[in-house]
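Q: Next up is a structure, given as structure tokens.
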Amino acid sequence: MTSQVSSILSRISSPTDLKNLSLAELSLLAEQMRHKIISVLTNTGGHLASNLGIIEVTIALHYVFSSTEDKFIFDVGHQAYPHKLLTGRNTEEFDRIRHDGGLSGFTSPSESMHDLFFSGHAGNALSLALGMAKATEDSRTHILPILGDAAFSCGLTLEALNNISSNLSKFIVILNDNNMSISQNVGVMSKNLSRWIHHPKFSLFSRKIEKWLTKIPRYGNGISKRSHKLSTCLKSLFCPIPIFEQFNLAYMGPVDGHNIKRLISVFQTARDLPFPVLIHICTTKGKGLEIAQENPEKYHGVTANFNSSEKNKLLPTIKPQLTYPDVFGQTVCKLGETSPNLHIVTPAMSLGSRLEAFKEKFPKRFIDVGIAEGHAVTFSAGIAKAKSPVICSIYSTFLHRALDNVFHDVCLQGLPVILAIDRAGLAYGDGCSHHGIYDISFLRAMPNMIICQPRSAIVLQQLLQSSLQWNMPSAIRYPNIAAIQRDPIATDVNMHRDPGLGEILSQGEDILIIGLGHMCNTALSIKLQLLTHGISATVVDPVFIKPFDNNLFSILLMHHSKVIIIEEHSIRGGLASEFNDFLATYGFKVDVLHFGIPDAFFSHGDKESLLKRVGLDTESMVKRILTHFNFRTKTSPSNKLSIV
């Protein structure tokens, strides 16, 4: 990387600085930004391939439009790294992106006036943009939603398309087609004809002709309609996506998303059109990094501390042990062999949910529906209705989008759909839009729903196998962290688990600690620390949040008046809420100390610091326990303990 290239990015403190650059300098800037993103993500991890693919598009957008006067609305927002570099955030905070003291991995209004919305979920940009366009239709503001091709599998995007009015001006949809999944443009003749037939002057001329034809007495409307159909048919010969014309969007494209000169020209033309436009831009995901271009899905997101040397080949860090998603992926593969009708459904998360092996082994029973969470759940309900076992694998944060589908199509029908809720708990680097800390609260309220969480790898295996026999709607939630392998209590992988039965992990006399899922390990660590103060604790894993083990806890509360609940979930509506309902129903009067995620939004951060921020680190909890219960150190701990 030359000093000339390095000096270009250092001169960019705001998008207005782009106006003074030549086309050659803009191309060098793109090269430098690519190098910067690769270099930073080598240390921090983050979304790689999508950001490498949208650099030239971002440069051209900021060159032609103003992100302070015009409105850039990024769908998902994980592809906004180049946007951050051009809007005054090429700082030390960018070098720590997704980590403590660093920038968010998504757009964030708290960071910059150039970011309009907190983002993280797909498919909402077009709806947000239409709302803004309606409120600003008499102004000079251009509204620019920027969507990837995958967003068009979202029902919300299609609903927004249906709501577009031809009267909107200064409304420009940017379609970043980085997979060529929508269309393939073949041959020089097709390219040249497409450029001519979709030239904005052709669209403008065509609309003027149609408007003039409607003024002909008696026959005007009919002639105009036939003229429009003829125009549409002509376009359909060369246009990869004639459907957009039916939604009042003039189509422009395909456009080479890595040709800055062409992009600037197209954006300048679209800027001056008096009707809504969709610009179809074709980009290469992972552009500039060979291995990411060859496998863009694998390098969509990368972990920290990978090696970017050796001819640009990235070598992801080898994980020391299996994560809960790894265990899930291995288990469903085994279940696929023993349950020949088992289907797995996922909304575009096959790689993250470790379903590639099942997909390869049982391709006819694996269904990736795209970014369509509601459809994934209802589709699964249809499979269950047809008497086939089905697991719908879905991230906790994305399950929010399928709430009505879970209620109406699964629980109300009493169908045995198994929700495998991945990424339950804090999302750390991905931040507030991705924390999986709300699902228990809305699932608890649904009749017929079983909710459980494993504390270890073997319990996850047991729950997955057992859920196929429950014949009821169920949710098995688990985090994306290293799975606890050693579990002396649970030793038989094939042990069947009936809903509503918890387990005592360790017996004590002074206090009862209830840990949810992987927090049982934290509970056992706290138990050991309390022992140094002469305090003995019983540690219990409820396993099931719903149905709750009323019998077990009724017996335990006959011997314990002090209770601690630890869960990596919102304090509203989680395990503690279920426990409080139990207390109210059975009339127990006990002192309860609850550790959960406070009722607020928490941004990204490293695991240790984020746990400390929400009060779920062991040191903070022990201090609160000693203070809350006013424990005084005993001379010697109880010897009636059985630590497992």
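Even glycines carry a Cβ here, placed using N, Cα and C.
The shown structure was predicted, so the numbers you read here are calculated from the model rather than taken from an experiment.
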Q: The thiamine diphosphate site in Swiss-Prot includes G120, H121, A122, A150, A151, N178, E373. Which of H47, H62, H78, H83 is also listed there?
A: H78
Q: Specify the count of other C-beta atoms within 10 Å of the C-beta of E373 (thiamine diphosphate binding site).
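A: If we count other Cβ atoms within 10 Å of E373 (thiamine diphosphate binding site), we arrive at 30.
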Q: May I ask you to report the DSSP-based helix, strand or coil state of A150 (thiamine diphosphate binding site)?
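A: Where A150 (thiamine diphosphate binding site) sits, the three-state DSSP reduction gives helix.
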Q: Including all protein chains displayed, how many Cβ atoms other than that of N178 (thiamine diphosphate binding site) lie within 10 Å of its Cβ?
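A: For N178 (thiamine diphosphate binding site), the 10 Å Cβ neighbour count is 24.
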Q: State which of the following binding-site residues has the fewest other Cβ atoms within 10 Å around its Cβ: A122, A150.
A: A150
Q: Just name the most isolated of the binding-site residues H78, H121, going by other Cβ atoms within 10 Å of its Cβ.
A: H121
Q: Under 8 Å Cβ to Cβ from A151 (thiamine diphosphate binding site), same chain, six or more residues apart: give me those in sequence order, or none if nothing qualifies.
A: D75, V76, A122, G123, A125, L126, T157, I371
